[in-house]
Amino acid sequence: MGGKNKKHKAPAAAVVRAAVSASRAKSAEAGIAGEAQSKKPVSRPATAAAAAAGSREPRVKQGPKIYSFNSTNDSSGPANLDKSILKVVINNKLEQRIIGVINEHKKQNNDKGMISGRLTAKKLQDLYMALQAFSFKTKDIEDAMTNTLLYGGDLHSALDWLCLNLSDDALPEGFSQEFEEQQPKSRPKFQSPQIQATISPPLQPKTKTYEEDPKSKPKKEEKNMEVNMKEWILRYAEQQNEEEKNENSKSLEEEEKFDPNERYLHLAAKLLDAKEQAATFKLEKNKQGQKEAQEKIRKFQREMETLEDHPVFNPAMKISHQQNERKKPPVATEGESALNFNLFEKSAAATEEEKDKKKEPHDVRNFDYTARSWTGKSPKQFLIDWVRKNLPKSPNPSFEKVPVGRYWKCRVRVIKSEDDVLVVCPTILTEDGMQAQHLGATLALYRLVKGQSVHQLLPPTYRDVWLEWSDAEKKREELNKMETNKPRDLFIAKLLNKLKQQQQQQQQHSENKRENSEDPEESWENLVSDEDFSALSLESANVEDLEPVRNLFRKLQSTPKYQKLLKERQQLPVFKHRDSIVETLKRHRVVVVAGETGSGKSTQVPHFLLEDLLLNEWEASKCNIVCTQPRRISAVSLANRVCDELGCENGPGGRNSLCGYQIRMESRACESTRLLYCTTGVLLRKLQEDGLLSNVSHVIVDEVHERSVQSDFLLIILKEILQKRSDLHLILMSATVDSEKFSTYFTHCPILRISGRSYPVEVFHLEDIIEETGFVLEKDSEYCQKFLEEEEEVTINVTSKAGGIKKYQEYIPVQTGAHADLNPFYQKYSSRTQHAILYMNPHKINLDLILELLAYLDKSPQFRNIEGAVLIFLPGLAHIQQLYDLLSNDRRFYSERYKVIALHSILSTQDQAAAFTLPPPGVRKIVLATNIAETGITIPDVVFVIDTGRTKENKYHESSQMSSLVETFVSKASALQRQGRAGRVRDGFCFRMYTRERFEGFMDYSVPEILRVPLEELCLHIMKCNLGSPEDFLSKALDPPQLQVISNAMNLLRKIGACELNEPKLTPLGQHLAALPVNVKIGKMLIFGAIFGCLDPVATLAAVMTEKSPFTTPIGRKDEADLAKSALAMADSDHLTIYNAYLGWKKARQEGGYRSEITYCRRNFLNRTSLLTLEDVKQELIKLVKAAGFSSSTTSTSWEGNRASQTLSFQEIALLKAVLVAGLYDNVGKIIYTKSVDVTEKLACIVETAQGKAQVHPSSVNRDLQTHGWLLYQEKIRYARVYLRETTLITPFPVLLFGGDIEVQHRERLLSIDGWIYFQAPVKIAVIFKQLRVLIDSVLRKKLENPKMSLENDKILQIITELIKTENN
């Protein structure tokens, strides 16, 4: 059956359909359109989207030269025009070495991946066809599927394998790697030749005719003819592509059918190319090349022969493949006169001659029917009517009777359009000419209305032959399909069998692994899971021998020190409750002790318990008491006090010491220690190693009323452990009356209430302080708030020299706010006080008023003769430092009459120890403290308390997913606690720096921390301890956090690669992060700093992130400070600028001593205290990383040494930036490049982040940065607009190595990170980065399994380090 039909595609799965579509038309536009069908909708670059849209636009004229990847299917050409999409290129030699490392790693780690149980032969076939559509070779496809599916891979894995393992010249078009100059090509539009020929009908036996070239034509003319033929084919294919693009009315069914004619044209062009190559190789006597070319020729001919048998193939396109047989001159036809040679059709005369030679029998039939048997239209009339209706512009069909001996057949010609003519001629012969015309009309209708049931409207005899043709076509199609797909189906069957066998082995292996799961791990990260609890037998544990400890305690009781302090202990309010406390603990496993501040519960309750366990021996087979404290300073000071009370001479952890302490990075305990004070975090880490606290007999949780995240988390775990351990006792100690909530949480356990030893405290509020001190609030004071101003219009008359009067309208600001706004309560105070109350800024701490108050205490008759310390509550270290400086520079406090002490957890222990010692008579001790002095520690001689009413809380903003340390007002409970600190030794006085009215508006209690902070670290601990999903676990909390907050925390952990995507399970990185008590992002940065040998500088940068920048900006000297910072700027990075300043400070300190150090700090506007703090925190972080098993390598050591005298090299800068990205991702944004018209004009750097646009903060060295690229930022803050603080310009490599979810878009030559960060890259390079991530994960996993393993000579880390350092070189 001949004729030309509309294009169809073969039905297949969606992904295969997309891949076939992508490979059909060899043009950039079609490539993009095809790939787009297989992708989920994601945010794409504007240029790529435009390119995709362009696939439906008409072809444009030749444009300027552009640079793109060498591919006719390359869609990245337009993307290359967008400079904001950065290109990624790797040195060729380094690329080959990296591929070698990747392949070597795969060989060494031959662990089979988990295979999906849903793989079927149909899915494997779809995958095979998808790869085939990309024009990969059959052998390569089979190798890829074998090497990926057996490892749990999919289509993308197979494409990755092919791109990684095939050489560039072996990759199909569209996957080429090299950049080349591309000139857009255009060909003249295809002009259709006039084809008129005798066409073989469908049931004709397959015969091949061979044409011979005239002997007179030379070889050169033959070659030119082949070139013209190839050009004609390409132009024909191009014309079809354009026609296809303009067909907007295609149905889905038509799109899913395969067109053999188009494939045949494509193969014909390739066949001619191969013949030219063969001829060239023959002249060059290149046997190997000639052999390969002949193989290609045979391959193309075999596929073309298969297509010739396709039921919808147009025989007019058929060409001869035989080279060795001479061709006969063709018989001239009408079409040949226009084209000079017949390209696509056989000579009808030649066909007749062959038939005669072979003497094949004719198929003669009688199609006669009577008027009685059929009253409808005849086939001929039906065809004429159909053409008139459906092709109104076409002439009526022509019928040409062809005699064959005494029989007839008919050639029917239907002109569908100027360049589309259908010519058919059945092979069946009839006895008369009219039947031949009806039969020809039936065949024409069969071709024109294929798939429709028109045959039911034809006479029975012609209806039968229609069905005969249809059945023969289906049968042939099935046979061809089976024959073509036989090798593929055989391969898929074998592969599916292997997959099933491996799946069974995996199931058996996992069952064996579960059976052996109780074997102990030789790792410091060994955990006790819920399943292992049943295996722990407490009864069989060795009973502790307490006799030596009891003897030691009896000996200590007889010492003078013990006896002396016993008398002091007996004066404490809690001491008279000793017996009731001990008895209650004997009867109940959980007890709540509610004692007021100063009652002595933190020291005495653990002491009572220890004494009773060691002396009375009440079922005491075990005596190990752990008392948790929220702060390090509390744990240390309480342990010191209890050691003194026990009579231990050598202090906590000393020889024969019964009491010790353990805080982060410091442990003071010995074999005889039976009472351990520790921070809550230390006990949580103990729970990671021993999920049941097997060696602990009593847990005391102090200061539970503070409701920190760690304490609430600890209570959930302890509640579950109590259900599994019948011998564990728990004591909760709270300083507030909110004890019922804790009792209810632990099934209504008993509450012991202990009143504090307190004296009456007189309270003065802000209005009283102003009235008594005579403080005057100046209008220009920084503490005076400015009200909104209203403008009043006035008319001003101005008299000129000539005597004329001009009128001007002016607007004069008028302040709003009046005394009527004050509460009537303040009417009893003076107008000066009322004015100050009205205008004083309540959100700013008035340090001037505090100085006036301190001076007033010494000159007022009411207070000057009262001895006692002054405790001032401030919100943070900055305010402490500021007030300390003011006191030091105020002449009124110069004398030895005053001793000023700053109390903060980051300050030295020696300075803080002075706060607890009594000063000499006549000396006023002034202690500056945060809320640490509220309940955690007790300063014994405090009589005066100055309460600013402010504190700092870490709050989480769900809308922006940002957290910040916010200064806020305290709760009523906290204010009362602060007030109570003044009544410890005598009648006290509390001065509140806020009004009585504001105090009444305070919240009763602070919001629990678990409800207002990010929960990443908490989720890490939950997964580390195998406590199930964080959502389920935290639902058991005293105050469960919102699910959205937990979800945000888990999303962040997934983004940084700390936990698995589909289950609450830690990755190797997450396991290591859980061992570091720091923010997860900083922890990740420290780990990568250690494994890449740059821990020292990274720890310095991490210390800055945990504290604050050392740069200062004095009032009135902003320009000087900015200039000094600019002089230290390095590598477009605020982080490296700070590190550069730190190096200079260390150099000045080492070479010139204190004076040189001070000069350097003043010249560069650096805070020396911040730098000293930074150094201390840095050393502490390094200790933490080493304690987690990451010892510093020789490379890391080289950063330390004499680094202060060196500058950073480009390679070192690249490495540091990469580690910064590893830690701070996904805090990245794309710089919106703005080209300024005026060169001198400085434009603020605008950055597009995942949440929207933001502006670089004015304090950043990148404030005026204008370039194409990406910016890393430390934090995002919102003032009048959103700003990015502490930014660094970064390159693509670190983002590709350490960023979020990476996706390779093979056809577009794009790499996407998290669906919105795009880079241009050849597919091979894209796959390399994807594989390198797997290798990094394997290094971390090995380190987890073997903590002592050295990473210094690891090949993977070495090659990645080299890759990072060589970027842009």
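Note that Cβ sites are derived from N, Cα and C of the backbone, with glycine treated the same way.
Over in Swiss-Prot, the protein carries these features:
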- G595, E596, T597, G598, S599, G600, K601, S602: ATP binding site (BINDING)
- 222-256: coiled coil (COILED)
- 283-310: coiled coil (COILED)
- 492-519: coiled coil (COILED)
- 189-201: compositional bias 'Polar residues' (COMPBIAS)
- 208-226: compositional bias 'Basic and acidic residues' (COMPBIAS)
- 582-755: domain 'Helicase ATP-binding' (DOMAIN)
- 849-1026: domain 'Helicase C-terminal' (DOMAIN)
- S71: phosphoserine (MOD_RES)
- S192: phosphoserine (MOD_RES)
- S200: phosphoserine (MOD_RES)
- 27-75: region 'Disordered' (REGION)
- 176-226: region 'Disordered' (REGION)
- 502-526: region 'Disordered' (REGION)
- 702-705: motif 'DEAH box' (MOTIF)
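In the motif 'DEAH box' (702-705), the DSSP tally of helix, strand and coil residues is 2 helix, 1 strand, 1 coil. The Cβ centroid of G595, E596, T597, G598, S599, G600, K601, S602 marks the ATP site; residues of that chain outside this set whose Cβ lies within 8 Å of it are L572, P573, V574, A735, I754, G756, given in sequence order. In this model, the coiled coil (492-519) carries an average pLDDT of 66. Each of the binding-site residues T597, S602 was scored by the number of other CB atoms within 10 Å of its CB, and the largest score is that of S602. Under the three-state DSSP scheme, G600 (ATP binding site) falls in the coil class.
Around S599 (ATP binding site), taking its Cβ as the centre, 25 other Cβ atoms fall within 10 Å, counting all chains. Other C-beta atoms found within 10 angstroms of the C-beta of E596 (ATP binding site) number 21, with every protein chain shown included.
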